[in-house]
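Working notes for the structure below.
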Amino acid sequence: SPSLGRRRREAAEEEIDETPQEKKLRLAKLYLERLRQYGEFPRCLCPSEAAPGAEPGPQAPWCRAWARGKSARIPLSLQLQPPDPASIRVLRGHQLPVTCLVISPDDKFIFSASKDGAVIKCKWDVESGKRLCVVPGGKKGTEEQNMGHASQVLCMAISSDGKYLATGDRNKLIMIWDAATCKRLHIFTGHHDAVSGLSFRKGTHQLYSASHDRCVKVWDVAENAYVETLFGHQDVITGLDSLSRECCVTAGGRDGTVRLWKIPEESQLVFCGHQGSIDCIQLINEEHMVSGADDGSVALWGLTKKKPLALARQAHGTPDTQGLQEPYWISAVAALRNTDLLATGSHSASVKLWKCGEGFRKLEPLWDIPLVGFVNSLKFSAAGDFLVAGVGQEHRLGRWWRIKEAKNSICIIPLRRRAAAPSKPPTAPSP
């Protein structure tokens, strides 16, 4: 019929108008849709999009082409087994509460610091659990003569190439170290109060620092140079994080705000949602972040929305005591980058693992991992094989009370994948 012939001609014209790139994109979307229907979750389906030297599969779990879609996360939480408390390894060496830690980019070493002022006390080997390096502290005012800090170390960061380690203390100083040899390279001065947050911009040696003096500073570590200062918070800054973009996010303590700082524009976005002091923050990916506060709440944020996308109140519950029922403070948060897996710490005798719901609009608790003491720092390994917790008898920012039965230590919590059921995946459509 004439109508059927017209439809066929229109279909043929549409086929002719489709470019080779559009056809490849259409076929890739079709293949991903088949994978979702089949029950498998894509890792990296295009070798050209993987990180340099990485192969498709577990070593390259993030694909930028997939990230452009709405479901820009691997549902890693569905692949994990509940952690076994008996498999937790405890590394002892700090005399006072551990305040901060980082993991080297290759997941081979852990750097930790504590209130005893000894930084890189210790550098730990992950596989053997041995202490590789100890840098003792000194008396206040003798930092130039001694290698270590002379006051409590509150924060640390490591560059994405593993070359530089930065540490900040209560005495307003930032020290730069050679991560391989534990030798101090430089001291940055300029903050007027305790340095409470540090982060290297991914892929660079640009360092962001935050302080109780309410400002954010930018440094060039490779050139030992100060760059600029940003102002805006109305209370002490308690945490800072950054990724690849030339921006960083900060937690503003009792001013009740989280802020996104756009460095080139020298501008900031203000986010409000917690009721208490916001004590910790971390980026999940370039578009979302998680924060925790002393009102017991954990918030998920999108960088385009000024209110939380999801808020879990009393995330760690409340103490079983008489009188005033205050929720357990959230003292640490961690995100396995570009996945749906989060971890939170408190002094509730457990670390909690969480799953981010679709669109980061829901927080679902997964498992509790028993851990006695103040969890002052949490970090996932880059490969997602383990979670490290820095534990102490006191909160990293103060001495409001002590948990005497806690051990000042580093705890390594293995994360194991479920055994995959043998099955044949769908074949990709031929171009």
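Each residue, glycine too, has its Cβ placed from N, Cα and C.
Automatic prediction, not curation, is the source of TrEMBL annotations.
Listed in TrEMBL for this protein:
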- 91-119: repeat 'WD' (REPEAT)
- 146-187: repeat 'WD' (REPEAT)
- 188-229: repeat 'WD' (REPEAT)
- 230-271: repeat 'WD' (REPEAT)
- 271-311: repeat 'WD' (REPEAT)
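When pLDDT values are averaged over the repeat 'WD' (91-119), the model yields 89. Residue counts for the repeat 'WD' (271-311) under DSSP, split into helix (H, G, I), strand (E, B) and coil, are 0 helix, 21 strand, 20 coil. Counting residues of the repeat 'WD' (91-119) by DSSP class, helix then strand then coil, yields 0 helix, 15 strand, 14 coil.
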